[in-house]
Each structure stands twice: as C-alpha cells, then as structure tokens.
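Enquirer: Just passing along the structure, written as structure tokens.
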Amino acid sequence: MSKLARRGSQRRSESGKMLDKVTMTSRTARGNFSHIYKNLFTFILICLPCKFCQAEKMYVDVKTLDLLVDETRLFKFIQIGEYNETLSVTAQIQHPDIVQFVPSTINIPAVEQPNTTAELAYDICAYGRSPGHSEVTFSASPTDVVKLDSIFMRITVMHSKAIYVISYIMGWIYFVAWSVSFYPQIYINFKRKSVVGLNFDFLALNVMGFTMYSLFNCGLFFSKEIQTEYFSRHPRGLNPVQLNDVFFSLHAVFATIITIIQCVIYEREDQRVSMTGRGILTVFVGVVIVTASLSAASILEWLDFLYYCSYIKLSITLIKYIPQAYMNYKRKSTVGWSIGNIFLDFVGGFLSILQMTLNAYNYNDWVSFFGDATKFGLGLFSLVFDIFFILQHYVFYREHSDYINVKSEDELTYLMDNRYYSGDEAFLVNFWNGDEKKYNMDVKVDARYILLPGTSYAPDNEDDEGFDDHEPSEPYQGAPA
C-alpha cells in the first residue's frame with residue numbers, strides 16, 4: 001500500500017509540474033500576443049497618418065469665381081504637407097462647355113521623407129467659354145491616399161459685367177422700395193386719425209405672413225442646428241437667407257404691428273376681421289402648432305417646420321390682396337387705402353422680375369427663370385393686383401370723399417372751395433356712393449349743422465334752410481392725405 005501511495009503521489013506531482021508548464025506557456029503566449037497587439041497599434045498610429053493624415057490638407061483659395069465670356073482668372077490649389085506616394089489631382093467640371101481649367105490635372109510627386117508642414121501651391125487658370133453656372137469638384141488618384149470630397153467651387157460665367165452691376169443695384173432698389181412701402185399707409189392713417197377704408201383681413205393676413213417669413217429667415221440665418229440640417233441635405237448649397245432678408249421680414253412685422261395699433265386707437269367704425277379671415281388664420285395657426293409639435297417630438301426636423309412656415313407665407317401672398325380689392329369695390333372708393341403703398345410695391349415687384357430677366361440673359365439661365373415658378377408667379381401676381389388697385393384709384397372710383405371730422409372747439413374750418421364754416425359738434429361725411437351718385441352720411445354724434453361737400457354754412461339771420469347749393473369749381477376729394 002505504501003508503494004502504491006508513493007507512486008500516486010509522484011504521478012500527482014508530475015501532473016502538477018506539467019500543468020504549471022502549460023500555464024506558464026499560456027501566460028508567455030498571452031504576453032507575446034499582447035506585445036504584438038501593442039506594436040501593431042503603434043504601427044497603425046504611426047503609419048496610417050503617412051497615408052491619410054493629409055485628407056483635409058488640400059483646398060482651393062476661392063470657393064466662388066465670376067468670369068466674363070472669354071475671360072481667364074488664376075486661382076491656387078493649396079497642398080499642406082507632402083506624400084511618400086505620387087498623386088494625380090483632377091478637376092471634375094460639371095459643365096465643360098461653360099468653363100475650362102488649364103491644367104485640368106495636377107501631378108504631385110512623391111517624397112521619400114515627407115515634410116508634414118510644407119505648403120505647396122499650384123496655379124490653375126479658369127477660362128470662361130459660355131455664360132452659365134457650373135460646379136467643380138476634385139478627385140485624387142490613388143483614391144485611398146487622400147479624399148477631396150469637401151473641395152468644390154462654383155463658377156459663374158456672364159455676358160456682361162455692366163448687367164451684373166445693374167442687377168445688383170436693382171436688388172437694393174426693390175429692397176428699399178418694399179421696405180418703405182409700409183409707411184405711406186401709416187402716414188395716411190396718422191393724418192386722417194382714421195383707418196376707415198383699410199381692410200382688417202388684409203392686415204391680419206399680412207402680419208401672419210410676415211411672421212412666418214421672419215421665422216424662416218431667422219431660423220436659417222441664426223440657428224446652427226438648422227443650418228446643419230440644411231447643409232446635410234444640400235452639401236454644396238449656400239445658405240439661401242442673407243442678412244437683408246432677415247432685416248426686411250422683421251421690419252415688415254414691425255411696420256404691420258404699428259398699423260394694427262393705429263387700428264386700435266383711431267376711428268375704425270365697425271370694421272373687424274371677417275369670419276372668413278378668422279377661419280383662414282385658424283387653419284394656418286393649426287398647421288404651425290402641429291408641425292412645431294412634430295418637430296419638438298423629433299418626428300420632423302426643424303428645417304421642415306421652417307419650410308411649412310414658408311409655404312404659409314406663399315399662400316398668404318396669393319390671397320391677402322383680395323379682401324382689400326373687394327372692400328374697395330363694395331365702397332366704390334379707395335379712400336383710406338394708400339396708393340403710395342401700391343406704387344412702391346409695384347416698383348419693387350417690377351424691378352424684381354426685371355432683375356430675374358436680366359440675370360437669366362446674363363447667365364443664359366432661362367431654365368431657372370421659368371423653373372422657379374413660385375417666385376416668378378408670386379411676383380407677377382402681385383403686379384397684377386397693384387395694377388388693379390391703381391385702376392380702382394384713378395379710373396373706377398375717381399369721385400370720392402373722405403371722412404371730415406369737425407370738432408366743436410374748432411373756431412374756423414377752411415374748405416377746399418375757399419369758403420368757411422364753423423361747426424358745433426363732430427360729424428363725419430362718408431364716402432362717395434357711385435351707385436346712387438351721392439355722398440353717404442354717417443353722423444357720429446348729434447350735429448347742429450351737417451355740411452355736405454360743396455355747400456357752406458348759413459348764419460342764423462339768413463335763410464334757415466342752412467345749405468347753399470352752389471357747386472364748387474371741382475369735385476370735392478376729401479381732406480388731403
């Protein structure tokens with residue numbers, strides 16, 4: 001028994017020694033593999049940058065380039081750092097018939113010991129062949145060495161520099177015209193101390209439309225998050241909103257609110273926003289609330305919300321003039337509706353369409369001219385309404401009167417026909433009724449004397465009829481605005 005025990009003990013000790021050897025061998029192997037992994041990781045960190053660290057180290061010194069036909073312009077392709085492999089960089093021109101690059105391919109020689117801080121510049125000549133727009137990208141061969149997807153240019157070739165300058169000036173003129181167009185209405189309201197004749201549906205739709213326009217412009221101009229969403233959809237696009245767009249929309253909201261405040265403090269009779277106008281505004285507000293909620297819940301992107309705001313603005317532009325035109329038709333008068341506003345709006349709209357026409361010719365871009373049906377259609381639609389308002393004011397309803405406010409403290413009031421009268425109370429003379437060929441009277445308070453246009457006050461010692469039927473030398477047009 002003792003011999004068997006000793007043999008078993010020896011076998012167990014031998015097995016233990018073998019197990020220890022296996023364990024040590026395993027640990028050694030793990031250590032070797034760990035050392036290999038560490039060396040491989042170090043190799044990747046050191047060697048890969050030699051091939052790919054320059055991926056963002058190439059660029060062009062200009063992003064946009066404007067050329068005349070048959071004009072050449074020099075720009076530079078910049079390389080920061082050297083490569084240990086020969087590269088060929090080729091310009092990919094969208095429309096080779098519009099612009100040509102010389103050379104179109106740049107050969108970058110290999111360097112045995114690359115200098116990662118060296119800066120090299122290559123001259124490229126751009127030649128304008130025909131008017132138009134073209135994008136240019138760049139590609140490198142071999143493709144696994146450097147990526148040039150972020151490098152691109154926009155080339156514009158034009159017929160005439162003079163047309164370009166005229167178009168630029170026109171842009172600022174119609175910007176100023178549209179911005180100033182709000183103030184004739186504000187002035188006439190202030191001078192008359194009345195907003196009778198100004199349609200409230202038009203104002204309500206206007207403030208809603210410009211608020212939506214302001215949201216769109218401010219969102220795209222100020223929000224980095226929304227700009228990121230936009231450029232993810234349009235990687236080579238430009239921000240469509242400029243600073244003057246932001247100013248115009250915010251200023252339009254401000255001017256419209258001033259006009260609405262005038263409607264609160266000045267004479268307005270029983271005018272109010274119609275049920276139809278309220279219904280339309282309710283629908284638009286509902287769309288804003290729903291789309292904003294979906295955007296807040298990340299179902300829609302905020303950029304989509306801004307697009308819906310812009311669609312509301314476009315819809316309002318199509319319908320906002322209809323209430324005012326219909327009101328003028330019903331009243332057979334344009335009194336209270338500023339024709340100065342219409343003239344400035346007409347100038348702005350006309351110059352806007354003229355600018356589009358000049359640009360289409362200068363850049364041979366008639367596809368964009370007719371393809372942007374929304375902008376062209378809205379501009380033309382506004383011009384049609386402006387012409388209609390001008391016809392209403394100067395042709396259809398030329399004979400009109402205005403509200404005349406004669407206060408009891410007035411000692412003397414001077415009429416346009418050079419005769420005098422005094423009044424004891426306040427009253428208003430309403431608009432010219434074209435159907436019945438007479439002035440409608442709207443007495444606000446009990447008046448001792450009501451004076452019709454073209455008549456004068458009769459003193460107590462004269463004929464008690466109180467009215468002189470003498471016609472003035474020219475039709476009375478109301479208090480000048």
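A Cβ is built for glycine as well, from the same backbone N, Cα and C atoms used for every other residue.
TrEMBL: automatically predicted annotations, no manual curation.
Sequence annotations record features per position, and here TrEMBL assigns transmembrane segment to 162-183, 195-216, 246-267, 279-299, 335-356, 376-397. Sequence annotations record features per position, and here TrEMBL assigns region 'Disordered' to 458-481.
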Enquirer: Is it true that the transmembrane segment (246-267) and the transmembrane segment (195-216) have 3 or more Cβ pairs under 8 Å, skipping pairs fewer than 6 apart in sequence?
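Expert: Yes; at least 3 Cβ pairs under 8 Å.
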Enquirer: Restricting to CB pairs under 8 Å, which listed stretch, 195-216, 279-299, 335-356, is in contact most with the transmembrane segment (162-183)?
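Expert: It is 335-356 that shares the most Cβ pairs under 8 Å with the transmembrane segment (162-183).
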Enquirer: Please report, as numbers and ranges, the same-chain residues at least 6 past the borders of the transmembrane segment (279-299) whose CB is under 8 Å from any CB of it.
Expert: 204-205, 208, 212, 273, 305, 308-309, 312, 315-316, 319
